[in-house]
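Undergrad: Swiss-Prot lists these features:
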MOD_RES   Lys4  N6,N6,N6-trimethyllysine
BINDING   Asn113, Thr163, Lys167, Arg285, His317, Ser369  substrate binding site
ACT_SITE  Lys165  active site, proton acceptor
MOD_RES   Lys191  N6-carboxylysine
BINDING   Lys191, Asp193, Glu194  Mg(2+) binding site
ACT_SITE  His284  active site, proton acceptor
SITE      Lys324  site 'Transition state stabilizer'
Amino acid sequence: AGFKAGVKDYKLTYYTPDYKTKDTDILAAFRMTPQPGVPPEEAGRAVAAESSTGTWTTVWTDGLTSLDRYKGRCYHIEPVAGEENQYIAYVAYPLDLFEEGSVTNMFTSIVGNVFGFKALRALRLEDLRIPPAYVKTFQGPPHGIQVERDKLNKYGRPLLGCTIKPKLGLSAKNYGRAVYECLRGGLDFTKDDENVNSQPFMRWRDRFLFCAEAIYKAQAETGEIKGHYLNATAGTCEEMNKRAVFARELGVPIVMHDYLTGGFTANTSLAHYCRDNGLLLHIHRAMHAVIDRQKNHGIHFRVLAKALRMSGGDHIHSGTVVGKLEGEREITLGFVDLLRDDFIEKDRTRGIYFTQDWVSLPGVLPVASGGIHVWHMPALTEIFGDDSVLQFGGGTLXXPWGNAPGAVANRVALEACVQARNEGRDLAREGNEIIREASKWSPELAAACEVWKEIKFEF
């Protein structure tokens, strides 16, 4: 009979409930909300087809290849408990559909077209299982957690950071001054805000220079290694690279990139440069909420976090947990572990749909940042553990006596919490007490505690 033209029925080949997934398959879990009257199997096959080899009609060139070898398969569909008309569709993609070492291509394939599909009211990519065979084609983070600790000579505690505010409008000299004060007071890092690139009131080269001066001055005075996340994000990859090169010439330890607005291609290039030249890479997730905030449509942040670990970054912002709902704590810790650990078991209560084996890809430090202050320190230490960066922007700069005392307050609070934990005390229960005790002998901490005391401390 040869070839039969016509619009085709997805039932034919893309829904295969008896398929046994291969170790080399990339697996995806999609949350589907089909249009009224569309059965979930139909929607599931449509997703599998459109994100792999399918098109809407039979084409004669299908006969020139083995579709069976290259097609995505929807191999399982389950209703979502407690939600009306929502299903999780599991899709397996053969490894050969993807270019090696390209997060960009992986996303183009898996989420490129299918989210506009008519048969679906909404679609969300909840998780991806990246097989070791594909993981191994990526460099991953430039250095990873252990190498970073060795470079900085800081062990056994979370690292402290601070975003310099006001984020826009300071001159380079005053900006550098604020950096110096914070580092001098006891922080490990200060940070360019994600919107600080190279604006008329402060060009990037001037900022880099004054920040480098601040770093070296603070290092000389404290005897500790200091850093400032110099934002290398730019309008072109060439310009971004130029900024990273200048940072390396200044001898500073770390640069920064906005990986979603900058794009995965730029980010991966920068990560490769950073490994080749000994720079740490701090990643900010500006724009993530556009993609991950809706519960039923978009991409969950855990997928963006996995993608970043493949593309490359040593730190990434990952929410604070503090003062949020209890459920979010487990979900956040789920993707925090996906960033840090080598091997993570499937655990649906933490939102982890697949067991993920990263083999030896370096880990990423999660960064807790946004609306946190000294009273949160026990909770943060308890939740994130040692391998994290705690960032207090307003929580440092708004200390009543200035930046340096604000930094002192945070460092004292952190050291007190770490010591209490090491002595076996329960940070969840005794957190407030630990901070109060420490503030008795640290006037800076006492002043900070006073400012934020009416803000609730909740686990």
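Even glycines carry a Cβ here, placed using N, Cα and C.
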Undergrad: In whole Å, how far does the CA atom of Lys165 (active site, proton acceptor) lie from that of Lys191 (N6-carboxylysine)?
TA: 9
Undergrad: An 8 Å radius from the center of the Lys191, Asp193, Glu194 Cβ atoms defines the neighbourhood of the Mg(2+) site; name the other residues of that chain inside it, in order.
TA: Thr163, Ile164, Lys167, Asp192, Asn195, Val196, Tyr229, Asn231, Met256, His284
Undergrad: Who sits close to Asp193 (Mg(2+) binding site): which same-chain residues at least 6 apart have their Cβ under 8 Å from its Cβ?
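TA: For Asp193 (Mg(2+) binding site), the qualifying residues are Thr163, Ile164, Lys165, Lys167, Leu168, Asn231.
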Undergrad: State which of the following recorded positions has the fewest other Cβ atoms within 10 Å around its Cβ: His284, Arg285.
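TA: Among the recorded positions His284, Arg285, the sparsest Cβ neighbourhood within 10 Å belongs to Arg285.
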Undergrad: Roughly how many Å separate the Cα of Glu194 (Mg(2+) binding site) from that of Arg285 (substrate binding site), to the nearest whole number?
TA: 9
Undergrad: What whole-number Å value do you get for the CA-CA distance of His317 (substrate binding site) and Lys191 (N6-carboxylysine)?
TA: 12
Undergrad: Can you tell me whether DSSP puts Asn113 (substrate binding site) in helix, strand or coil?
TA: coil
Undergrad: I need the CA-to-CA distance for Arg285 (substrate binding site) versus Lys191 (N6-carboxylysine), whole Å please.
TA: 14
Undergrad: Around Ser369 (substrate binding site), which residues of its chain at least 6 apart sit with Cβ under 8 Å of its Cβ?
TA: Gly161, Thr163, His317, Thr320, Val389, Leu390, Gln391, Phe392, Gly393
Undergrad: Based on Cβ atoms within 10 Å, give me the single least packed residue among the binding-site residues Asn113, Thr163.
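TA: Selected from the binding-site residues Asn113, Thr163 on minimum Cβ neighbours within 10 Å: Asn113.
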Undergrad: For the recorded positions listed here (Lys165, Lys191, His317), tell me which residue's CB has the most neighbouring CB atoms inside 10 Å.
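TA: Highest number of other Cβ atoms within 10 Å: Lys191.
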Undergrad: Between the Cα atoms of the residue listed as 'N6-carboxylysine' and Asn113 (substrate binding site), what distance do you get, rounded to the nearest Å?
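TA: That comes out at 36 Å between the alpha carbons.
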